[in-house]
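Everything on this sheet refers to the single structure shown next.
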Amino acid sequence: MLVYYGGSALSVQSKKKILELTVSGVSDLNAVYFYLIYTKSNSSLNCESLRPILSDLQESEFKPDGTTMVYVFPRPGTISPWSSKATNIANVCGYKDVIRIERGIAYSVVFKDDISEEMLKSALNHLYDRMTEALRFKLPEEDEVFDKHEPAPLVRIELNCGQGGDKQAATERLNHANKKFGLALAPDEIDYLVECYTSEPSLKSREPTDVELFMFGQVNSEHCRHKIFNADWTIDGEKKDYSLFKMIRNTHLKNPQYTISAYSDNAAVFEGNSGTLFAPVNGIWSMKDEPVEFLGKVETHNHPTAVSPFPGAATGSGGEIRDEGAVGQGSLSKAGLAGYSVSDLNIPGYKQPWELDVGKPYHIATSLDIMLEAPIGSSAFNNEFGRPCINGYFRTFCMEVPRGDGTLEIRGYHKPIMAAGGIGRIRKQHAFKKSIAPGSPIIVLGGPALLVGLGGGAASSMNAGEGSEELDFASVQRGNPEMQRRAQMVIDACTTMDENIIQSIHDVGAGGVSNALPELVHDAGLGARFELRDIPCIEPSMSPMQIWCCESQERYVLSVKSEDLDTFKSICERERCPYGVVGYSTVEQRLILTDRLYNTTPIDLPMEVLFGKPPKMSRVAETQTIPLSKFDSSLKSYLAPSSDPILDAVERVLRMPAVASKSFLITIGDRSVTGLIARDQMVGPWQVPVADVGVTVTSYGKGINTGEALAMGEKPISALVSAAASARMAVAECIMNLVAASIPALDRIRLSANWMAAPSHPGEGAKLYEAVQAIGLELCPSLGISIPVGKDSMSMSMKWNEDGREKSVTAPLSLIITGFSPVDDLYSIWTPQLRKVEDIGSTSLIFIDLANGKQRLGGSILAQSYKQLGDEVPDLDNLDTFKNFINVITQLHKTNYIQAYHDKSDGGLFVTLSEMAFAGHVGIECELDSLSSDNIAALFNEELGAVIQVCDRDIAKVLELFAANGLSTCVHRIGKVLSGQAQTISFSRSGKIIFKSTRSKLHGIWHETSYKMQEIRDNPECARQEMENIADNNDPGLGYHLTFDPNVSVTADLALTSRPKVAILREQGVNGYLEMAYAFYASGFTAVDVHMTDILSGRVHLDDFVGIAACGGFSYGDVLGSGNGWATSILLHEDARNEFYRFFNERKDTFGLGICNGCQLFSRLKSLIPGAKSWPMFTFNESAQYEGRAVMLKIDETSGSKSIFTESMAGSSLPVVVAHGEGRAVFDSESDYEQFKKEGLDLIYYVNNYNERTSRYPFNPNGSRDAIAGVRSPCGRFLAMMPHPERVVLKVANSYYPHSKASEWGVHGPWIRLFQSARKWVG
């Protein structure tokens, strides 16, 4: 094993954070990476020879005097995602002697002299993640990192229950195994297993293996089998006719139309719109008209996120993406969402008056840590895989609530909710799994087995604190999204064939292949014979049980016909995606797993034992009535007499995380990848995160103006008062959000219902039944909508001992509703952005009150902010009123009367109107005379309703439409938008102002929570600058200042008789190929799919192309530096290097475009690009965070005229999207910078909204020197840029464009010109 130290592992910000967290025990620290390179025994590799891939290697030792050395490295027995990718790079780059590379961090720590043992332990805990890392005071030994132990053998569990053995003793032994392995088996299931091993002829002659028992525990866990939802219920002594699941299925039974597949697969499939399949056919990107069906799914990953937030949330999103990719014969995730519920944040120095700190179990993360780390984990997976995340929610809650006996208990989210969901697309002919032919090869596709995620299905089925700490840690997985992207590329290659070779596919999730492989063949009515050692596995010491049951991520199981196996293998090899043919299906319905290494049979079971009918669960529940107090809407009971009640309420409500800006959760995510996003969370010229709905475009294709919408709704605090009302309001809120998009009709909406509960907690089982009944048997059938998909998590409580006292926190019943619908007009997506008087004339604000004057405050944000629950909560009281409102809204979408729309929800009418003003940077004046005389109740109740902005000239028509639908009494003309720059927000009654402030002040308060989180997590200076920008009333926002007419095609006057070939170049991990291919395809090129394996193998030569386009994404997961692995694989491969050298240097008819990861590639290939020696490298953003934003770019007037891409765009400035973590332009030397400026290679740069070159964040999102965003070669034929023009080629894909351009620009926006210009140059 070679050991070398590397560069600094601590940024200024991260060092500061650690010192702040360890202030009581540490006075100083520094850190560098250290690399452990495991090589073949006779290898001659050394520091110098490894530097091309590990550029920061140092031969000297890192051990400063007077410090204590602390070494952090991946947990023994595990392989980090970093190691997998780094080793992959080394092998691709020709380092055949490298077996594995691992990386750790060496800290040199100066501890304070008086540090106690407890302080030392606390300080060390801040240096590593116990779930994924180990800590030592010396460098790890080779055997500790590079496990060379012999494989562990099979274990048999001695039940002694066969041949007339004692069943009671066997039951006791199995109970012991149940606790030891964390199987979460119920007593009746233990009895069932004992009976099976007693009476089943093929089993009673032997003892069960640990593999069999562990598999049974996973397959039959609550997580996988949903026992509570399938149980028989008796409530208050009355036996119920329906199971919970039967009530949910009732919605589909009553309304099956428009749903293609429900309850039978990893996601539900819905009828979509007409569109196209745009995909490579024999390598050529081609477009084919066909229906585009879409699918929906929402998962939760609560337990892992509580234990270790980053990997827990990352694998939550990753698992849900796999669900969407493994429907029928194969599918594809298209856009995602993420939601979080946690207890109070308790931000240091920013504690809010409603917050509680009741402690937590030692090994569970705090709510603050969860919200600092989990969203990064989820976003990182989405970003790297290449799925835009365009919707979500965030709620905090922790409160003392009375029990039925009047004593108090804590209700909150110590067991957090981490929701991950989304929509995908599927070809109609692939919506159902095909029958698997007997004898078909069964394949595991994706990453290898790893010693992670053991028992996750069972662990998540237990209330937190019931299992052991070590079992909790063992049950959490780790994510490798770049591997999952490779697997998805294999699936895509199969599904775009005329005849898909995949017969059936399942994702590997809870229980690992022990659940997925049996399920795959069982669904087909078959058995199977598997060989354990054919399952890809890179940790040799793993036992049979660990290989079979581990939840290693990024895996799928599938079947193909024998005659298609070679084709499938060739696809995998092209994509460098691991796979294993692990067995074959059999007619006999028996599951057999052999182990040729030990010549054993770890599993030999009839399928009916595994999937048979263990005893059905029966649940008995009692209704619990708790004493409730009416909320004092005057607030006098909660405030000092001198307080201003409305001002106090405003400031509390705007700071509540459920209301406050979610910017810190949004800009960390890529919301533009694919180029098919028509509506993300950020709204308008000032990009304020207030959108109600996320919308995707159906597909690329001429004239396509349709899409798919998704939105969420949840009202969990109300469930503490009325579970039925909470459920109805969650459905209603979701629909109110969804109709901001133009949906065809109410009956096209389909829902996912995700149920979180602690049904064993007093009263909670009855509440769960009440809520399911309210929407399953009553509301949804009445609305004509259904719930064809969903999930449940039935262990939402946390228990622990602290100082000898037992503590517990139990979540309220939490129903998360996600709605999905086709969209029939992408140009009629309403946002909350109020339009300015100067742009459209005088307007009115109309409030539609669907509660007909009721103003119940129970369960509201206002009540929570005063630590109150209330006694009466909002409800959907009048179904006809609600349906008529939706009918009016769908009709209004066919007009141009509505200028802005926002539903009323968390925070009430005050928040609805304020957010609309924030988004529009306008002032508003509102009058409450037509509402209840209780001002606070009128402003902060959360009854159903919405606000619309209507031009005064259109008011009569809009009011007439509401009247025609019986809604006249619901409509209130309550305000107007003010002209000018004053931007005041005021509310009055009877001519007297009851509240007045400024947009900038309220906007600042609303953004404060996000700012505080960014200040802790990211570069605090960047967070401060973004906060300060809010106060600028004169900020004109994003704008289009064009020197060209987008309607005029620069190729129109050319006689284009051919489509020259452009290589759409990608490497493993690249995810931005679709939008790049379309941009060139739409501009008159033949776009050709070229993987680096095509070039390295010699199958493809660049001589055949006039252009290359290196796409964005995460080649090799950005390990060893963004673009570095990709570039090094070219530079160190003689044939590939020559291919690129010839393309760049020996031909004058070529051009090249590198975007994002492709830009980073070009900058590292600058030695091959003529005149590019002075180009900068692109490194970590100054914000220390991934940045997904819409920003302003300017094309330099002089330099722009010298580039073939921008000659007709020179001098223009316009918005574009950025999506990168490493985009800051840094020069190798000052002389390079001077040469670069002298030659005028600075082509594109960031400007602020005043059209000025800027270093200020977030206008310059990465801190690039001179705001550099894109560079050109001296000849003008090669362009490298970090922003993504290809993602906003479609006009509707721009997060903001002027309303006046909706019809003027046609299908494409201004950035199509960049690609058309290349086509013009080719001629």
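From the backbone N, Cα and C atoms, a Cβ is placed for every residue, glycine too.
Record features (Swiss-Prot):
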ACT_SITE  CYS1156  active site, nucleophile
ACT_SITE  HIS1284  active site
ACT_SITE  GLU1286  active site
BINDING   312-323, 391-393, ALA691, SER905  ATP binding site
BINDING   ASP692, GLU733, ASN737, ASP903  Mg(2+) binding site
DOMAIN    1062-1306  domain 'Glutamine amidotransferase type-1'
Round to a whole number and give the Cα-to-Cα distance in Å for the pair ALA691 (ATP binding site) and ASN737 (Mg(2+) binding site).
9
Cβ-Cβ distance under 8 Å to GLU733 (Mg(2+) binding site), same chain, at least six residues away:
GLY713, GLU714, LYS715, ILE817, ASP903, SER905, LEU944
How long is the line from the C-alpha of HIS1284 (active site) to the C-alpha of ASN737 (Mg(2+) binding site), rounded to the nearest angstrom?
29
I'm trying to understand the geometry here, so how far is the Cα atom of CYS1156 (active site, nucleophile) from the Cα atom of ASN391 (ATP binding site), in Å to the nearest whole number?
24
Between the Cα atoms of ASP692 (Mg(2+) binding site) and ASN391 (ATP binding site), find the distance and write it as a whole number of Å.
8
Starting from the Cβ centroid of ASP692, GLU733, ASN737, ASP903, which together make up the recorded Mg(2+) site, report each further residue of the same chain whose Cβ lies within 8 Å of that point, ordered by sequence.
VAL693, ALA711, GLY713, CYS734, ILE735, MET736, LEU738, ALA740, HIS902, SER905, ALA946
Select one residue from GLY312, GLY318: among these binding-site residues, choose the one with the most other Cβ atoms within 10 Å of its Cβ.
GLY318
Determine the Cβ neighbour count for GLU1286 (active site): the number of other Cβ atoms within 10 Å of its Cβ.
30
With every protein chain in view, what's the tally of Cβ atoms within 10 Å of the Cβ of ASP903 (Mg(2+) binding site), excluding that atom itself?
25
Three-state secondary structure, GLY318 (ATP binding site) (per DSSP):
helix
Within 10 Å of the Cβ of ALA691 (ATP binding site), how many other Cβ atoms can you find? Include all protein chains, please.
28
What's the CA-CA gap between GLU1286 (active site) and GLY312 (ATP binding site) in angstrom, rounded?
33
Write out the long-range same-chain contacts of ASN737 (Mg(2+) binding site), meaning residues 6 or more apart in sequence whose Cβ is under 8 Å from its Cβ.
ASP692, VAL693, ALA711, MET712, GLY713, GLY819, ASP903
Under DSSP, is ASP903 (Mg(2+) binding site) part of a helix or a strand, or is it coil?
strand
If you average per-residue pLDDT over the domain 'Glutamine amidotransferase type-1' (1062-1306), what number do you get?
97
May I ask you to report the DSSP-based helix, strand or coil state of ASN391 (ATP binding site)?
strand
As a test of the contact definition, list every same-chain residue at least 6 positions from ASN391 (ATP binding site) whose Cβ is closer than 8 Å to its Cβ.
GLY336, LEU337, GLN681, ALA691, VAL693, GLY694, LEU710, ALA711, MET712
Would you mind checking how many other C-beta atoms are within 10 angstroms of the C-beta on HIS1284 (active site)?
26
